[in-house]
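Among the features that TrEMBL reports, active site, charge relay system is placed at K76, S171. Feature annotation from TrEMBL assigns active site, acyl-ester intermediate to S195. Summarising the annotation, TrEMBL assigns domain 'Amidase' to 22-145, 167-487.
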Amino acid sequence: MLRASLRQVSAALKEGQVTPTELCQRCLARIKSTKFLNAYITVAEETALKQAEESEERYKRGQPLGILDGIPIAVKDNFNTAGIETTCASNMLKGYISPYNATVVQKLLDQGAVLLGKTNLDEFAMGSGSTDGVFGPVRNPWSYSKQYKEKSVPKSHSEDEESSWVITGGSSGGSAAAVSSFTCFAALGSDTGGSTRNPAAHCGVVGLKPTYGLISRHGLIPLVNSMDVPGILTRCVDDAAVLLGSLAGHDPKDSTTIQDDFRPFELPNLTDVSKLSIGIPKEYHAPGLSSEILGLWSKAADLFKNAGAKVVEVSLPHTRYSIVCYHVLCTAEVASNMARFDGLEYGHRSDKKDSTESMYAATRREGFNDVVRGRILSGNYFLLKQNYEKYFVKAQKVRRLIANDFAKVFRSGVDILLTPTTLSDAAPYTEFIQEDNRTRSAQDDVLTQAANMAGLPAINVPTALSERGLPLGLQFIGRSFQEKQLLTVAKWFEKQVQFPMIQLEEVKRHDNGVFQHQKSASFS
């Protein structure tokens, strides 16, 4: 049952094959047996069981609230949840309990979804590995899969085996791992420069970044206001469409959301792709792109071509500047957003009380890790009076050129762009941490952040396994607010490639108690 799709388990609930309480208990048991993955920061067991009981009563009355009623979900720990701690995986917010729910969380609860807990991430979502949070790194479930174990070199010592696990990608690694390891049926992530699609690619799940403004950001603790989008992680494209239908639409609490009502849609089964034009952006043949990904990208293009679609090479000339432009704008907005964490109103406050200024400084030194402090310093440098025009304004102009490149390609008749999501499969943790966060982010965001700069919808579809037995994904980028077309094409592609399901080994033996921080919580 835990391996079923969201639609399948919803049907099983309606038919009485399983009750919401039984389903919730199975997921909670699964969370405990996969605790070593460190996917969750907080498990809201008591609350989840109470929500499941309420759902069960609705089913008994024959009045379920919809397709999500009784479905266990998880939420990245940078979305506010009333009564449940929201930490952003940072010392700065340890112990912080929001008085309200993020709009997306409230919408899920209003439709009867069961919130299992809050998932792990890079501190304040700054990173591409889910390795830099204060609760420790997230482990990729595929590290413990039969597919990976069969391909990896046998280790003679248990400690060697212990260090051979691979990263999830980031920053929504906890949510991706939670979905991949069958602890929940869907999870919310956030996507500022690829933070949903990157871990989705490494964990073999679907990761959707909707058009900017389609889903409310209210209650998502901001990183980069002009690029942040709540992301959706599921095990198939159809399930992503279900979540999107539940979450999208105008929110009076977020002025950047669309004004029009959003109508949920069911994805058609596309049989004829002959009217489609698929663009292959040549600039996405980026330095460091592995031969495996390149070969997969080429095969995918041929798949569309052989099915009758028009496949054309296109150019997005300003893509080469996008990663530099992204980091200037990103750090500038980070510097602005992080200013609110001063120890006065909420979050951590230092005991140093020599003066207000010394308390500020000590609070931020103790509360933020090196990555966050580094981005704050960079952003403030770009925003200095003497640098503002040279860096920030120039980056804004380049961002407009990047967005115009996409608009021009779509005006030329191209429907969907097909690109890689990541440069390679997931790196071993010991290898990943050899490079600093900034270097890693610059490499790992290179194929994803341009869609955020242009505000376009994009989705990762798991496509094949690498020679090491790890997931590889490809990215589809669509026109603004054309999610239905994007998801329809992604669903067709998903059906063609038939990505294999993860075969997890017996997991309990791996639970060595390394991560003991996981907390229980409940709504107040």
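Just so you know, glycine gets a Cβ as well, placed from its N, Cα and C.
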Near the residue listed as 'active site, acyl-ester intermediate', how many other Cβ atoms are within 10 Å of its Cβ? 39
Taking DSSP states H, G and I as helix and E and B as strand, how many residues of the domain 'Amidase' (22-145) are helix, strand and coil? 49 helix, 22 strand, 53 coil
For the domain 'Amidase' (167-487), what is the mean per-residue pLDDT, to the nearest integer? 96
